[in-house]
Amino acid sequence: MTTLNAKLASQYPAHIAQLQQMTKSVLSRENLEGLVIHSGQEVKAFLDDNCYPFKVNPHFKYWLPLIDIPNSWLVVNGEDKPTLIYYQPVDFWHKVTPLAESYWGEFFNIKILTKASEVDKLLPYDKKGFAYIGSHIEVATALGFEAINPEPLLNYVHYHRGYKSKYEHECLRQSNALAVKAHQAARNAFLQGDSEYDIQQAYLKSIGYGTNDTPYGNIVALNKNCSILHYMSLDKMTPQVHQSFLIDAGANFNGYSADITRTYSYKNDKFAELIARMDQLMLNAVAGLKPGVSYVDLHIETHRAIGQVLRDFNFINVDADTAVESGIISTFFPHGLGHHLGLQVHDVGGFMADERGTHVNTPAEHPFLRTSRVIETNQVFTIEPGLYFIDSLLADLKASANADQVNWQNVDEMRCFGGIRIEDNIIVHQSHNENMTRDLGLS
């Protein structure tokens, strides 16, 4: 057993015990006997026999690191050893993944399913007391489930998913280690003058990934394309001049996601100075992640800090407080500061005040925040402030009553660079923050 597997093996029992206790509590509360969690199944494109890439149910991979096996099931009740119904068909068309020995296998009663259509033989006979958790409602209905994705139950689980176990922390460190290695390869490709497409290939090759292995579609943008927040076009043509490079790209380990962003300037110029300033601003925001602090308040503080950057670089003609009051900062920073991170890139539970799912509203002037929850120990966040020169938003500002608050000549000079986003992945501990991304060597 490798050192990493030994560490995971030592941490996994406590993780399973935590899930068992959580399941027992929510089943008692909702007067249910158990949960039947479906890994999912392949979905065919319309009028086609080809399937979309399979993406496992996050509630399934919460229990065990099986992320590419459709038609599998978990039956859990919080007390007995969970049952894993593992799909292993006899199939000469496709590769079948046998169930290998692992550190987690002993925690499950394992049953092999050879035909997906015969799963009912292995599921509880009387399903009245069981809730189906998964996306295939038609399958659940056909099998006779009455309780399908009950909202109170999901609220409870989603709220508690905000707190990560030590096992989950280690999985997130490993996904960050992969992403850091790939980011370094991508940076080198940019500096040698590659195209967006070739940079993407360098990223994937460095960690042995295919296109569908990343937890989300990589954003690999050069020059003005850096102003498009979710740019995914991957131009194969090399630009005549390399000016800027923004990469927002992650990796996956055991179903847990890394989500890292970096921005680079090709030259040591004013844009490079702006990147350095935004990098320090990002680290200041990381330092503000403390138990008991509202993430909304941290976003608002960072929002004002970006206003100060705009003033210091003479992009605006007013002080930061005036820029906050007038609302012009949102033109340059139009998204939220970050989000919870875990089994999903934008992990669940970010807007919940309690395990009942009580919603915590975001301020009307900050509609794109992805979390409004109070920060607590063992939570994991991204911190990703940005500063962009987006033509459509700048046009709206220029046509507004606040146009005279902007130094348009200086702003126009930056349009060719697109924008800046810098994003790290952080574990909040009781006495300190663990910046996984920086600790693993990505500056």
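Placed from the backbone N, Cα and C atoms, the Cβ positions cover glycine too.
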Further Mn(2+) 1 ligand in Swiss-Prot, beside HIS339, GLU384, GLU423, within candidate set ASP235, ASP259, ASP269: ASP259
Which of ASP248, ASP439 belongs with ASP259, GLU423 in the Mn(2+) 2 site listed by Swiss-Prot: ASP248
Sparsest Cβ surroundings (other CB atoms within 10 Å) among the binding-site residues ASP248, ASP259, GLU384, GLU423: GLU423
Non-site residues, in chain order, whose CB comes within 8 A of the mean position of the CB atoms of ASP259, HIS339, GLU384, GLU423 at Mn(2+) 1: ASP248, ILE260, THR261, GLY338, LEU341, THR382, ILE383, ASP424, ASN425
Cα separation, GLU384 (Mn(2+) 1 binding site) to ASP259 (Mn(2+) 2 binding site) (Å, whole number): 10
Three-class DSSP secondary structure - ASP248 (Mn(2+) 2 binding site): strand
